[in-house]
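Peer 1: Structure provided below as structure tokens; questions to follow.
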Amino acid sequence: MAMSSDRTSTSGISPRSATMVRVEKIPSLTTGINKQTSPVINSGAAPPRPKAVSPTISHGKRANRSGKESNGGRIRIAVRLRARNAEELLNDADFGDYVELMPELRRLRLRKNSWDYETYQFDSILSETASQKRVYEATAKDVVESVLDGYNGMIVAYGQTGSGKTYTLGNLGEQDASERGIMVRALEDILTDISTDKDTVTVSYLQLYMESIRDLLVPESENITIAEDAKTGDISWPRATSAEVKDQKSVIELLQTGETNRFSVNKKLKTDASRSHAILLVTVRKSIQTKAERQQATLNENGSSMQILKGQNAATVRSSKLFIVDLAGSDRADKFGNEGIMLEEAKFVNLSLTALGKCVNAVAENSTHIPFKDSNLSRLLRDSFEASLIITIGPSPQHRAETTKAILFGQKIMKLENGTKLKEEFDYKSLSKKLATDLDKLIAENEKQEKMMTEAQEEMQRKVDEAQLLMMDAEKRLKLALQGMATEMDRLNEEHKATISKLEEECSQLENELKKSRETHDTIKELAIAEKEIQIRSERLRNQKDVKECIERYQHEVTEMTRKFESERLQKEKLQVRLQEIEDGMKKRDKLKSENQEQLSRLAKQMEKESRLREEAEKELVNWKSQVSLLAKEETVKSETEVELLKQELEEHRKQKEMLEKEMKILKQKMLHLSYDHDETRKFLDREPERPWSGKESPMSMNRSSHMRETINGQRATIAKLFEQVGLQKILSLLESDDVDVRIHAVKVVANLAAEEGNQEKIVQAGGLSSLLRLLQNSEDEIFRSVAAGAVANLAMNETNQELIMTQGGIELLARTANEAEDAQTLRMVAGAIANLCGNDKLQWRLSEGGGIRALLGMARTQHGDVLAQIARGIANFAKCESRAAAQGQRNGKSLLIKDGALPWIISNATTDSSQVRRHIELALCHLAQHEVNAKDFVDAGGLWELIRISRECSREDIRSLARRTLTSSPTFQAELRRVQRSP
């Protein structure tokens with residue numbers, strides 16, 4: 001952290017994160033300026049007696065040397081992210097990035113969980129790729145310039161062990177000059193700015209260990225004491241060595257001595273460098289021109305006078321200090337042990353950092369008392385305590401709590417305000433020396449200026465001629481380029497018009513087809529209703545027919561019984577006639593009466609019996625008539641009841657049908673709206689590919705990004721609302737709908753739901769995965785296949801779902817779709833699904849046997865950038881899993897990628913223009929080369945030379961390091977390189 005002021009303050013900085021903070025100068029107290037300003041230096045007047053400490057001049061908001069105005073009153077914060085090391089690359093491979101940087105917005109985000117982030121704003125965000133020069137310019141350059149202007153400043157690196165504090169501050173750049181740290185660069189800038197004849201720069205290098213101060217330039221000196229001026233409050237350490245530096249060589253030698261002694265002292269104390277604070281103090285004493293000197297210089301430049309003014313006043317010297325502090329690592333106490341010397345070290349480190357934090361809090365709260373004396377660290381930094389802090393953090397999610405605490409501390413630091421004081425004092429010795437040499441310099445300078453003026457005029461004329469030639473050449477190239485652009489613009493306009501015309505024709509055809517489809521659908525619905533009514537009528541007629549048949553049957557029986565009764569009546573009449581005849585015969589045959597008495601008795605009995613039978617028949621007839629009447633009445637009531645029930649049932653069916661139609665209409669409208677938002681989002685993404693930040697984003701671009709975020713948030717809210725109102729089971733049932741539009745929109749809704757991790761398990765449990773695979777298998781429509789493949793790709797991000805996809809034949813189905821489809825969007829979705837499956841090391845044999853790798857290679861025929869990116873990602877995932885299995889001893893044979901013929905494609909695309917594709921391919925090459933059994937195939941295919949190129953030219957440091965380690969550790973590669981070197 002860089003700050004400049006007369007006093008400085010820092011606070012309890014978070015553990016496990018290295019923090020650098022830059023704070024700009026702000027105005028000090030504005031009262032009492034007249035009492036504290038330096039005396040006016042009048043020409044010819046006797047100067048006052050010099051004092052040890054100069055008066056203070058308060059300043060308001062002022063511009064630094066680069067022309068930028070300081071942000072008066074506020075501390076500036078810069079955050080630097082360290083790149084992952086080899087251990088973190090291996091351990092964090094299966095985790096998402098915990099820290100997300102947005103340098104162009106000066107923001108960073110910390111992941112709280114899988115779906116939520118915390119966003120923080122700082123003045124500068126430095127990614128893992130930021131160079132040492134960029135870090136210096138963003139955090140320390142302004143502070144160094146303010147020190148050269150006479151203000152005290154401080155640069156502090158704070159963080160856990162191994163987070164890059166010493167690399168950021170103290171790297172000497174012996175192997176590579178571009179790796180020089182802030183200490184070397186700051187001293188270089190100071191030495192470049194000062195005059196070695198008049199100005200001096202001295203350096204002290206101290207170490208604070210367990211509240212004991214040691215001199216790193218003379219390690220024999222122990223327990224350096226701190227002295228405080230009772231009147232001015234200035235801090236000094238009289239027994240510490242103060243070495244003067246003149247050039248870069250002396251700077252490097254001094255810093256090397258300090259680092260060597262620091263290592264020796266730590267070794268002697270049996271401790272680690274991260275348990276102590278290292279403080280580099282640079283004192284700059286710089287002469288400034290008085291008013292008389294400035295007037296004399298102006299006259300000399302105009303050539304109007306060569307005389308030296310008499311009665312010169314004493315020279316004025318500005319004295320300022322620059323503190324560069326490498327704080328101890330802020331690790332947790334349990335990391336280094338909880339007993340013995342390690343516990344004592346942790347106590348003292350926490351004590352000093354806590355004291356520093358209390359001072360920061362006191363400054364932030366404008367407290368009347370600031371507890372500088374609680375620790376030697378806060379006492380040492382008192383002269384520049386109202387400065388700023390730089391924060392560097394590590395990328396690993398294992399240090400989540402420490403990193404979050406550091407960021408929150410940085411946010412608190414931004415509330416601090418600091419004040420700056422300019423210190424000046426008079427130096428009679430330097431003025432005397434200057435006056436003694438001025439005359440000789442002015443005479444020699446005049447001759448040099450005349451010679452340089454002539455040479456400069458000749459050089460200027462030569463440059464003007466060269467510039468004119470370059471301008472003419474540039475005008476010609478510009479003219480040719482404009483002509484080519486005009487031709488290309490005409491061609492693009494014609495293609496655009498043709499495309500619009502074609503799309504309008506297709507739209508018209510689709511509208512006609514949709515209209516016909518709707519008419520056909522309505523006709524089918526009407527026929528179904530009519531058929532239902534006919535069935536109901538037929539059933540009703542059938543019931544009426546049964547009743548009629550029953551009545552007819554009863555009427556027939558009644559008729560039959562009436563006929564029998566009539567027959568019996570006739571028979572009775574005949575019997576009566578016969579009886580009468582018998583009676584007549586009895587009268588006539590009185591004689592025969594006795595003879596016929598028995599016969600008469602028998603006939604009487606028979607007549608009595610027949611009479612009884614007749615009565616019984618009459619009773620039975622009456623009974624039958626009553627039964628027929630009751631049956632007829634019951635059948636009539638029953639028929640009427642059934643008819644009424646049928647009417648009620650028909651009415652209920654009609655109402656249910658209307659409700660279903662309304663529900664279907666609402667659901668269709670929601671799915672249409674959701675599908676439209678999804679299509680618009682995808683079109684926007686396709687139209688606006690990700691571009692690197694240029695630093696000058698237009699308002700229109702920012703509006704588009706904002707609109708994009710609002711569209712995605714609205715789409716997610718619509719999906720969640722639809723999911724709650726309709727239900728997953730009903731949405732899945734629409735996948736089987738006869739309406740093509742409904743089916744398309746239902747697939748899109750399921751695909752969007754599958755993008756949320758919380759919905760994936762529910763979709764699979766409800767049978768959504770099987771429905772999607774069945775739809776992918778049976779449909780020949782590109783839209784269906786594209787959206788269904790996208791949904792499967794989303795579900796394939798879960799390891800459990802991956803097993804289910806493989807079990808249900810998903811890889812064979814995806815491979816078949818990849819071979820049949822020609823649409824780039826469909827192929828991108830299929831390639832994404834296979835790429836997700838390639839990240840599961842348990843499925844690799846089945847992926848290869850199911851044709852997954854060959855399908856990926858086959859999709860490269862499209863040459864579409866997004867498809868190639870997914871193919872490269874899948875191959876990289878597959879190679880990474882193979883490399884991990886080989887390292888764990890679970891795999892010994894040749895890579896399945898090589899067996900399936902992927903190596904030639906990987907090597908041929910290793911130098912592609914697409915950075916996204918190239919990055920995945922370079923990672924895949926490095927992982928394949930790690931397994932020695934693949935080395936011979938690698939050499940035969942030319943992969944060795946690509947691996948060498950990656951180790952030198954790859955933009956990512958972790959991939960370059962992996963390539964270099966692989967080249968060094970492989971006997972086959974080493975033998976091949978030696979063979980090539982020996983061959984002529």
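The backbone N, Cα and C atoms fix where each Cβ goes, glycine too.
Just lifted these from TrEMBL, have a look:
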type	residues	note
BINDING	G159, Q160, T161, G162, S163, G164, K165, T166	ATP binding site
COILED	432-670	coiled coil
COMPBIAS	1-17	compositional bias 'Polar residues'
COMPBIAS	28-41	compositional bias 'Polar residues'
DOMAIN	74-416	domain 'Kinesin motor'
REGION	1-71	region 'Disordered'
REPEAT	726-768	repeat 'ARM'
REPEAT	767-810	repeat 'ARM'
Peer 1: The coiled coil (432-670): mean pLDDT?
Peer 2: 75
Peer 1: Give the residue from the binding-site residues G159, G162, G164 that has the most other Cβ atoms within 10 Å of its Cβ, counting over every protein chain displayed.
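Peer 2: Most Cβ neighbours within 10 Å: G159.
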Peer 1: When you measure from the Cβ of K165 (ATP binding site), how many other Cβ atoms are you left with inside 10 Å?
Peer 2: 31
Peer 1: For T166 (ATP binding site), just count the other CB atoms lying within 10 A of its CB, please.
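Peer 2: Around T166 (ATP binding site), other Cβ atoms within 10 Å: 20.
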Peer 1: Rank the binding-site residues Q160, T161, S163 by how many other Cβ atoms lie within 10 Å of each Cβ and give me the one with the fewest.
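Peer 2: Relative to the other binding-site residues in Q160, T161, S163, T161 has the fewest Cβ atoms within 10 Å.
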Peer 1: Taking DSSP as the reference, which of helix, strand or coil describes K165 (ATP binding site)?
Peer 2: helix
Peer 1: Could you give me the DSSP helix, strand and coil counts for the repeat 'ARM' (767-810)?
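Peer 2: Residue counts in helix, strand and coil order: 35 helix, 0 strand, 9 coil.
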Peer 1: Going by DSSP, is Q160 (ATP binding site) part of a helix, a strand, or coil?
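Peer 2: Going by the DSSP assignment, Q160 (ATP binding site) belongs to neither helix nor strand, so it counts as coil.
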